[in-house]
Amino acid sequence: MKHLLLYCRPGFEKEAAAEIQDRAGQFGCPGFARTKDDSGFVIYECFQPDDADLMARKLLFRELIFARQMVVVYAEVKDLPLDDRITPLLAAAEGMELCGDIRVETPDTNDGKELSRFCRKFTVPMRQALRGKGLLTRNESHTKPVLHLFFMANNHAILGYSYTFNNSPFHMGIPRLRFPADAPSRSSLKLEEAFHVFIPRYEWDMRLTSGLRAVDLGAAPGGWTYQLVSRGMMVTAIDNGPMAQTLMDTGQVKHYREDGFTWRPARKNTYWLVCDMVEKPARVVATMAAWLVDEDCQEAMFNLKLPMKKRYGEAVHNLQQLKDKLAELGGFEVQAKQLYHDREEITVHVYRPHKVAKLQPKE
Ligand SMILES: C[S@@+](CC[C@H](N)C(=O)[O-])C[C@H]1O[C@@H](n2cnc3c(N)ncnc32)[C@H](O)[C@@H]1O
């Protein structure tokens, strides 16, 4: 029986489980989500043998909010001898379809971090051994599935695979980003990660490029504004607090000490609306939806802070409210993810694919 393995932020196993339980049910793949608090993953045990593979191909990964990665479990191997883990892992991989790449990973926990050095070192010999057995293509292939070896302890691993057209392209489902030394706040990485996760790289020169105008609500001290400015955009920053002088010195930022929930631009020339105001999700959703429906911006990226309890239910409820409000104008696509840099929150991205299709790349 194949199962699905979902990576998530430690502490959010219940949310990831509730979500996969819901989505698999709607999808017609009954099963049961198994969780352990703070483990950083969830296993969805399918009642039908082919359902895990079906979900890995057809249940859109980008629509899952709390899953960082979605892997079909092929085998779970316990009691691996520490002097030779490769032989039993190769035996377990027998019969698996040809994969094009390997990722040796761990849960995103403190125990997992202790294994990460071993995982890095283990990747090369394991890759060679899999190639020797014909289980991995000679050269990396992006059209074949990715083989995942998910180590929960140094002698215990799950062997599985994900499909490149429906997975996270990042190791452990986490884009590796370096904090820019001159960014005014660590939250800067949240917006940068959102760009990596939500905007395809080949569209960056149309959607994240100089010449575009952006509005940043709740901008101070400027971590998000920094991301927009460093991509050449002109930014209107709304916040009662002060913006970093380094950003003001670029000449690309106008700062207004106004209320982000009521301020609106005089002209309809804003491409990006970003918002990091700490407020009730319903209020943020209402504001974002109003901007989008009034066409005061073309794309929006914002956070929804989750409450302490019923986090999954609240996330789903607020996203549905947003979709209902956007239906007034139509043609919107809403994506939401709990990113690596999100703690008690999720990041939401809204855009209109047919409008993006009309954008011209910058010369
Ligand atoms: C989490 S911080 C934003 C951090 C910012 N994104 C960064 O990267 O530096 C939230 C900001 O929202 C601002 N804020 C909260 N309510 C606001 C409102 N009604 N209007 C404008 N700004 C607001 C706060 O002053 C605070 O600076």
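Here the Cβ of each residue, glycine as well, is placed from N, Cα and C on the backbone.
The domain 'RlmM ferredoxin-like' feature in TrEMBL is assigned to 1-70.
According to TrEMBL, the feature domain 'Ribosomal RNA large subunit methyltransferase M THUMP-like' maps to 84-163.
If you look up TrEMBL, you'll see 185-277 marked as domain 'Ribosomal RNA methyltransferase FtsJ'.
Annotation for GLY222 (S-adenosyl-L-methionine binding site): same-chain Cβ neighbours under 8 Å, separated by at least 6 residues, are ALA183, PRO184, SER185, ALA237, MET243, ALA244, LEU247, VAL253. The S-adenosyl-L-methionine binding site feature in TrEMBL is assigned to SER187, ALA220, PRO221, GLY222, GLY223, ASP239, ASP259, ASP276.
Under the heading active site, proton acceptor, TrEMBL lists LYS305. Secondary structure at LYS305 (active site, proton acceptor), taken from DSSP and collapsed to helix, strand or coil, is strand.
Across the domain 'RlmM ferredoxin-like' (1-70), DSSP classifies residues as 26 helix, 18 strand, 26 coil.
With a cut-off of 8 Å between CB atoms and residues at least 6 apart in sequence, the same chain places ALA237, ASP239, ASN240, GLY241, PRO242, MET243 near ALA220 (S-adenosyl-L-methionine binding site), listed in sequence order. Largest Cα to Cα distance within the recorded S-adenosyl-L-methionine binders SER187, ALA220, PRO221, GLY222, GLY223, ASP239, ASP259, ASP276: about 21 Å as a whole number.
Reported as a whole number, the C-alpha separation between GLY223 (S-adenosyl-L-methionine binding site) and LYS305 (active site, proton acceptor) equals 18 Å.
For the domain 'RlmM ferredoxin-like' (1-70), the predicted model reports an average pLDDT of 96.
Within 10 Å of its Cβ, the residue among the binding-site residues PRO221, GLY223 with the fewest other Cβ atoms is PRO221. Using a 10 Å radius centred on the Cβ of ASP276 (S-adenosyl-L-methionine binding site) and all shown protein chains, the other Cβ atoms total 25.
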